[in-house]
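According to TrEMBL, the protein has these features:
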type	residues	note
DOMAIN	A:4-99	domain 'Replication protein A 70 kDa DNA-binding subunit B/D first OB fold'
DOMAIN	A:133-228	domain 'Replication protein A OB'
REGION	A:445-479	region 'Disordered'
COMPBIAS	A:469-479	compositional bias 'Basic and acidic residues'
Amino acid sequence: MGDKFQLIHDVSPGTTGWTVKVVVAEKFSPKVAQRSPTKYQNLTLMDSEGSTVQATLYGQNITAFQDELLLGKTYLISNALVKETNAEYKAKSGEIQWTISGRTRIRRVEENNSNLLISTYSFTDFEDLPKYMDSNLDISVIGMIIDIKPRRIIQTRFGKECQVQDLVLVNKRFDTVLLTMWETFVDNECKYICQNLRKKLILIGKHLKVTSFNGLSISTKADSSFFIDGEFELVEEFKSWGHTNSEIIDNMISEKHYLTSTPSKLSVPTAEKDFTEIKNIQGLKTAKQFFWIKGKASVKVLNQTYWYMSCNNCNKISSENYGDIYPCVFCKCTDAKAIPRAKVYMQLTDPTGYINATAIGNPAEYFLQSNAEILMNQTLIPTAASMRLSMDEDEIFYVKAITKELSTDCKFEILFIVNPSQIAGDKNTGKAPVEHIGEPIKFLEPTTKRSLFHSDTDDAQSSKKKRDKSTIEITKKNQ
DNA sequence: CCCCCCCC
């Protein structure tokens with residue numbers, strides 16, 4: 001970046017005749033203002049010294065400039081409106097805010113300052129993700145996209161329908177993680193990814209969170225932002241990695257080899273103080289929360305159904321017969337398959353009390369020491385000979401407390417069960433990474449490439465028209 | 001913010 005221009009710090013309210021060369025370091029999704037219908041979009045601009053300023057676009061300028069200010073690209077900017085940021089709206093990048101409007105002069109500079117962009121990120125290693133599980137803390141990740149699942153519609157606990165779509169990312173050690181994209185990220189980023197998956201896209205995301213859903217996965221937040229690049233030019237390291245390992249990656253993509261090779265690890269607490277005593281959550285009325293409990297599980301109601309027929313795409317209940325292909329009313333998948341899923345209603349006890357809790361899927365199968373298909377075919381009321389009905393030793397449970405919209409009391413759901421003997425113990429962190437008994441990344445039925453993306457083919461047709469209007473940021477090859 | 005049951 002050159003010297004003959006001003007830096008961000010040189011520009012104050014009232015400064016005239018300035019030009020600053022900046023990289024678009026962040027570009028957030030447009031939002032609607034809290035107390036008015038005004039739309040706004042925030043960007044973070046960075047100069048050659050790494051200083052940043054928040055720039056904001058309003059109303060019609062958002063769409064007008066969406067192809068002018070691309071994430072990671074370099075621009076000469078002059079005549080933005082420079083003012084002190086209203087404390088109420090202050091973003092973290094600084095006290096000064098630039099407003100970009102029709103009078104702002106913006107000139108694209110063909111420079112690759114992606115290293116500067118990358119320097120603004122602090123990537124979390126995949127193996128450190130468990131430390132952030134359900135914490136809602138911001139994390140950033142970088143990885144190659146090796147798979148994208150069909151879009152799903154889900155119902156939140158407040159009855160709202162949302163669209164989500166899962167990606168599989170692989171890092172340089174060939175570890176994989178699921179990234180769930182929500183709502184607008186499905187319309188924008190996922191649509192682009194579906195159309196370009198052959199290019200081995202690198203994804204860089206920030207302001208993401210780690211959840212315990214599906215074992216352990218990354219999820220978007222409202223202010224997440226992505227940089228998706230199909231040519232590896234972003235990160236030199238990844239470029240050479242991608243080329244060196246293209247055969248392995250091709251194999252992961254085509255054979256879905258990753259599905260069984262990289263189980264998630266959990267950070268299981270080892271200190272007594274990290275476990276919640278059951279007496280402290282009995283009758284709890286809080287919103288959703290997560291707890292570690294050390295205790296024993298047992299089935300108190302023998303005469304229950306230990307499985308349900310589910311959609312293989314979204315796990316929601318199905319009225320179809322095993323193996324049937326059907327349109328799922330919940331996730332809207334047109335070719336969902338009905339498969340049994342284990343569930344068990346049990347009692348969790350520790351020395352301080354007990355709660356009733358449900359386990360579904362893998363934790364249920366682990367506890368019962370059975371599997372969904374066997375449970376489905378079982379006709380008699382089970383006995384200790386046919387399945388495990390109680391635990392001899394304490395095990396460790398990761399429990400989610402759920403309050404439904406119209407219900408006052410909490411339900412508890414067991415997400416993971418860990419046998420203490422699995423824990424190696426890590427005295428430095430007080431957390432032990434173990435392979436958990438949670439949900440693995442699901443194995444997709446063998447399918448053609450085409451049908452994998454079937455739910456997006458309609459979109460693909462209209463997308464050409466829309467491409468110029470797209471709000472996603474894409475780095476194209478050496479334009 | 002997403003899996004069963006329940007709730008009407």
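Cβ coordinates come from backbone N, Cα and C, glycine included.
Keep in mind it's a predicted model, so treat the numbers as computed, not measured.
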| query | Roughly where does the domain 'Replication protein A OB' (A:133-228) sit in mean pLDDT, to the nearest integer? | reply | 92
| message | When secondary structure is assigned with DSSP, how many helix, strand and coil residues does the domain 'Replication protein A 70 kDa DNA-binding subunit B/D first OB fold' (A:4-99) contain? | response | 11 helix, 39 strand, 46 coil
| message | As a quick check of your reading of DSSP, tell me how many residues in the domain 'Replication protein A OB' (A:133-228) are helical, how many are strand and how many are coil. | response | 16 helix, 54 strand, 26 coil
